[in-house]
Amino acid sequence: MADRIIFSLLLTIFSLSCSLGREVPSPPYIVKQPPTDEVLFQVESGGETDKPFYIECEAVGEPAPKYRWIKNGKPFKWQAYDDRISQQPGRGTLSISKPQDVDLGQYQCFAENEHGVATSNSVFMRKAELNSFKTTQPVSLTGNEGEPFKLTCEPPDGWPKPIVHWIYLYTSGGFKTINSSRMTIDPEGNLWFSNLTKSDVTNNYKYACAATSPFKHEYKYGNSVLLNVVSTGVSAVSNKYEPVLQYVSRKNTVAYLGKQQKLYCIYGGTPLPQTVWSKNGKPIISSDRITQDNYGKSLLIRVVDFEDEGTYTCEVSNGVKEAKSYSINLKVYAVPYFTKEPERINAAEGETVEFRCEAGGVPRPEIKWIHNGKPIAEAPPNPRRRVESNRILIERLTKGDTGNYGCNATNSLGYVYKDVYVNVLSLPPEIIEAPKDTQAVDGQDVTMICKVLGAPKPSVKWSLNDRELTGGRYHVQNNGDLLITNVQFDDRGNYTCFAENKFGTAAEKAQLFVKFHTYITDGPEDYEVAAHTSATFRCNAVSDDSLDLEIEWLKNDQPIDFEEEPRFVRSSDYSLTITQTNELDSGTYTCVARTALDKASANAQLIVQDVPNKPHMEGVECHAKDATIRWKSMGDNRAPISHYIIEYNTTFTPETWTAASNNVPATDMSYNVPMSPWTNYTYRVIAVNKIGKSLPSGHSDVCQTEADVPYKNPDDVKGEGDEPDNLIITWTPMPKIEHNADKFHYRVSWKRDIPEAEYENQDITDWKVKRFVVENQPTFQQYRIKVIAMNSKGAANVAPQEVIGYSGEDHPVEAPSNFTLLKIQGPKTALLSWNAVDKRNVRGHLKGYKIKTWSDISSPMHNEIQVQGYVTKALVDNLDPFTRNYAQVFVYNGKYNGPPSETLRFVTPEGVPEAMSYLEAYPLGALHSNDPSKSATSAFLLTWKKPEKPNGVLRGYNIFYRPIIDGTTNSRLARNPQINGGDVLSAKLSGLKPDTNYVIYITARTDAGESKEFYIERKTNPAGFSAPPGVPDFDWEPVKASEDGKGTVRIQWKPDKNSNPGSHFIVKYKKEGEPNYEEVQVLNDDFVEIPGIAQSESYDFKVTSVDGDHHVDSRVKSINIYSDGPLIKANENMATAGWFIGMMLAIAILLLILIVVCIIKRNRGGKYAVHEREQANGRHDYPDEGGFHEYSQPLDNKSHGRASVSSEPKVGPESDTDSMAEYGDGDTGRFTEDGSFIGQYVPSNMKQLGPPSITAGVNNNALATYV
């Protein structure tokens, strides 16, 4: 600051000299001077190197000032000290090369010339010293473990006041500064122990007091102490002391403005007391200026301000008895300081000048005025000068008023002084620093320079483009500069600075250019990342086009050196990426967009979080059945610790660490864990935060426990046989840590759960064994079981749990009876019921029943339904519609299925078809209308396959379509007409828009309803597309004949799907031998019926595929229809025709029946089997006779009526009578529609089930039970 003042003043004098062509007279002005308090020097002694020091004094003025000094109020002749003291040339600064004790004193410098006398600060020169400690022998002291303790230090005298330390002074000669949360040094140098521990005992070291000088950098050792700590014999958990006051600051403490202040609150106790500070009843939040020191035992105010006054309270507690508190009333004093400083004044004759001087301080300072180095009261009288407490006013100046004036503000703590002058001149205006062309950005403040001198002081005015500037955003400064705030683009132009006084005028011009300001469009955002990952900050900015833009990155306000830090990468888009982040990368990152005129910045915080540092294991306290682990956190790495994990290992599993507790609170630094007997434990601690787990701490010492009986019995005891004649008892083996002593074994006990049964026992000596098999037991009996843990100390100290178990299961021996169809509820569902099986015949745990179903069209292998528990009714929903279904039910236990019930047979009604699985659409050519006002249409040829499961008689298909125009799906349309007939597998879908996407849907239908939709999406051909079609083909069939001998032929168009199919087709036909074809054009279908075809005559048919002007014919086929017999489809092989196969089968069956009857009559002479009929009439005396027994008496009377015990379907016994009418309704000769001869046949032991008739497609007179 002083250098700036000198430069400014020299520049002013130089400018004045140049402008006037001569030296401008000026009183002296002090630019360098000593401080107001003291200067320390060091005297050479004991071989120390002398250190010269300086007392500064330098002034400017015209003519050049001369210097003189006073010491202790008397003139100081420095020349009398030979070459030890000298004054620097051209300055008043004293250089003392070899300081001595006689140099101590109060010094002050005066600089004077013919215009005035300038006075410097008065400074006291003091000797810096540090005396030695008194020589004493080491003192031996003894304290009790857990109690507070004090070591006293008697520091040596010195100036400045020595700084006291306590150190460990090792016997080897080395030393180490003490830094512990339990030890605190008070301002008098005493060392306070909050509590003593065994680690405080001096083994290979001593406690020593040391002092250092902040000026001389000396380090001296003093009195030393040997310390012994007496153990109390009480565990650390029980050895507790309430907080005890050791040292505190005075109740009324004074702090000094701008200085550092420390408030002490030192308490001892066990556990270590914790201190909480508050001010005026409110908690103190630590900041850069106020923070806790000495582990909370002191409060440090780094720079004292008046707002720090108040009552400070420390509250101390350690969980023992009541908390303690102490309050300190802090008062802030201040040495004087200027609130309004006097300034140097250049003025003209006749003007009025004023010096103002105002100062603050506590106590309130007194202001005194100095004139040319003497009190104002001693100055020559001047009637035009008025002196007041804080100002001096001089009116109607004359040349003789030139001189120096000083203001001194003093209180009991010190003083502040400033020396200025008034210089009376007569000068015309002179612009000594003219305005220059200036560039600025909008929104910025800019100053147009115009330094003006003159006496009297010139008035300065500014104009923009010849328009005078007054007020608003334009401010003319006292020195003539123009300040423009919040520059706008309208401020561009020519500026003129005009200065004027009574001796003349002066003017200078310059231009101002305004650019667009720089701003950041995309700034960085706060980032929180896990360590070892990447973090990226983005930054984009915009500036004026005429300015070069540079973007740089700062970390914590310091530029980032990208060459030194390869992990920091700046991309071409100015983004900053930090790879492999670590905790030290945390901080504030600033993006600075800079041009030559301005800059913009944006910052963001990066927090790099890592797993915690591994905790420090403090120790473990071992007890009989538990242990207390103590540890200390070593840092959370910016992610708060959520909890701790305590792990242990034992001699049983030395390589395995097991969690003793997974969720120890983060605030705990000790934890109690249980221990099992007969085990050696070692512990470690892991800290956990949101990033993950820390490394484990070091392991603790070993805790060893004594042997005892087991504390538990095996878990998960069960009894369940795996064979019908055994019982298997299982349990979970107990790990060795639960054995609690040697000779560990299990005692397995079991007995039948019947009265008077006694337990049988078996000892298992191998602790790894987990099962025992009891052989030769009755099938599925209930048992009571228990397993006891035992060792050399005895049985477990808890009673074993008695559990119920069962011996092995066997096959059930009974099938469910009365298996009944209650109701057919739909094509796939039926309600069935049965009678429950006797529990004794289940021979195991009754799990439920299984129902197996199959049909004439499906396999019985996989259709099985399970019914849990004792339910005897079930709704079966997996039947096949419109066919004969079969069902069986059987019981099952935990291992086996029982025998099946009798087989139910029933027919399900017609259902809805399953969804179709195939549909294809072939785009056809565009069809152009003869009406020019109508646009062309397009079409698809659709083909499909029948559904795999029609579930009834297919009646036809429904086709719908939906156009997709501009990505929007429109309403759905139906093809008209829809498809009738289940055998139709193709159709033409016409009337569509060319070059359009369509969604096409198809469903199959029966009388029961429609199937689910199947759909595809296809696109029609464009309207302009036209090409020769591929060669078509066609199928034909006669569909009906009329009484006039004419018939109708159906022609099915089969276009070439592998090339262009065309748009439509034409049928051409003629009688054989005729020259001309008749033509029928078909536009909207893929078939047509041609009537009027004469029977017994041959016709030539062909079809033509059409696409625009292109026509392609198929090959010609000859067609002939007949008047009698069935109508044969064209190209059909008679050997494979259905009517022919049916007729041949009927003939074969009739011939077979006739042959059988003839053979029986020939071999038996009419004695065919009437055994059952006569037996029913009471005859039982059949003689033994030869012949074929299958035609005499039954093979096995017992077999009649017996239900099948197999789970597979069985057919009922076939009748051996030769009369089918015996079992029918008398109509034995009726032919069905297909010409077959099948009578109604229901065996006597078969239940009649299902509806009385079957829908179309099944013989109405048959129940389909002839199997």
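Cβ atoms here come from the backbone N, Cα and C positions, even for glycine.
Per TrEMBL, the feature signal peptide maps to 1-21. Positions annotated as domain 'Ig-like' by TrEMBL: 28-131, 243-327, 336-423, 429-513, 518-609. The domain 'Fibronectin type-III' annotation in TrEMBL covers 611-708, 713-810, 815-911, 923-1030. The transmembrane segment annotation in TrEMBL covers 1137-1160. Here TrEMBL flags 1178-1188 as compositional bias 'Basic and acidic residues'. Here TrEMBL flags 1178-1226 as region 'Disordered'.
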Can you work out the mean pLDDT of the predicted model over the domain 'Ig-like' (429-513)?
93
Of the listed stretches (28-131, 336-423, 518-609, 923-1030), which one yields the highest count of Cβ-Cβ distances below 8 Å with the domain 'Ig-like' (243-327)?
336-423
Over the span of the domain 'Ig-like' (336-423), count residues by DSSP class, listing helix, strand and coil in order.
6 helix, 52 strand, 30 coil
Residue distribution over DSSP helix, strand and coil in the domain 'Fibronectin type-III' (611-708):
0 helix, 47 strand, 51 coil
Per DSSP, what is the helix/strand/coil residue tally across the domain 'Fibronectin type-III' (713-810)?
3 helix, 45 strand, 50 coil
